[in-house]
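From Swiss-Prot, here are the annotated features:
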type    : residues                                    : note
BINDING : 169-176, 194-198, 216-219, 284-287, 311-313 : GTP binding site
BINDING : S176, T196                                  : Mg(2+) binding site
DOMAIN  : 4-162                                       : domain 'Obg'
DOMAIN  : 163-330                                     : domain 'OBG-type G'
Amino acid sequence: MASFDFIDEVKKYVQAGHGGPGVVHFRREKFVPKGGPDGGDGGKGGDIILKGNKQLSTLLHLKYRKHIVAEDGKSGEGGCRTGADGTSIILEVPLGTVAKDIDSGNILVDITEDGQQTILLHGGRGGQGNVHFKTPTQQAPRHAQPGESGEEGWIKLELKLLAEVGLVGFPNAGKSTLLASISAAKPKIANYPFTTLVPQLGVVAYREGHSFVLADMPGIIEGASMGKGLGTRFLKHIERNRVLVLMISADDTANIVQTYTSLLKELKSYSEDLFKKPRILVISKLDLIGAEEKVTIKKLLPKQIDCVFISSVTGEGLQKFKDKIWKLLHPELK
């Protein structure tokens, strides 16, 4: 997917339909000179509904859509007939989409399942017709209720990708090559920074028919948690990940510890919850270093760090990597 096609945030003014007005009406029947009130109620205004669609992967289809307004309910009619309800608007969104109130920042809806439908804004109720206002002392009421206003406001739709495992690292750490080597995903791979401009997802096959979803995030830079580079736009996508993979290239032996510390700093600065997620350190591009450099790296890293060395080119360490990920995803199997 081209970067200009991947839209993960849109802001929209949305308005549910207003309820239709109740009507003032009296029976007109032959041989009944004083027919009573029979004004019907107004119809309900249409709702604004979000619906999950697993075939979608971006909010691009909503980016250029103008104000979204549902249909108003119709007026009540004589004969105690209720007006027609307004047609609701169903907005299909990718799984992982949340709707937030722009003013408060509160999450209104969280779409995580295919076919899930949740009302974002409710349409107004229809007003009551004059049939409801007849009393012993008022046999011919000449008033009815207007319909209620539908809910409205500015909202932000925000896509947070659904993947169990997230690859996090600085540019050229080998994340895209790893994703391509263990899944059917075809990310763009090149020897220059920021080749990956949008998140890429791949399904990784595991033992006995099991699998997990791995997400390759664009490379971050120091200060990403403060918005530098691609910044928080893509850090937010790993909020749903259950396990984080911190990747560092083996050909930068001298700076391994500093790079690892910098990655942790960015995670913690963005969110304490991200920092607390289960994680594993992966040293990639093992094929570019010798046995002595591997030993040196092991000595440099604190012993408590769970680390695995891999080469996406030769395949060395990839099964061990998948085994470790599976254990982190399923701690109950230990």
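From the backbone N, Cα and C atoms, a Cβ is placed for every residue, glycine too.
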Please compute the mean pLDDT of the model over the domain 'OBG-type G' (163-330).
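Its mean pLDDT is 81.
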Could you find out if DSSP has S176 (Mg(2+) binding site) as helix, strand or coil?
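In the DSSP reduction, S176 (Mg(2+) binding site) maps to helix.
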Using all protein chains in view, find how many other C-beta atoms are within 10 Å of the C-beta of N172 (GTP binding site).
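The answer is 20 other Cβ atoms.
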Where's the emptiest Cβ shell within 10 Å among the binding-site residues G169, P218?
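Minimum Cβ neighbour count within 10 Å, taken over the binding-site residues G169, P218, occurs at G169.
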Of all the binding-site residues given, K175, K285, which has the fewest Cβ neighbours within 10 Å once its own Cβ is left out?
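Each of the binding-site residues K175, K285 was scored by Cβ atoms within 10 Å; lowest is K285.
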Out of the binding-site residues listed (P218, K285, S311), which are within 10 Å of S176 (Mg(2+) binding site), Cα to Cα?
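Taking P218, K285, S311 one by one, the ones whose Cα falls within 10 Å of S176 (Mg(2+) binding site) are P218.
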Please name the residue among the binding-site residues S176, S311 whose C-beta has the most neighbouring C-beta atoms within 10 angstroms.
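In terms of Cβ crowding, the pick is S176.
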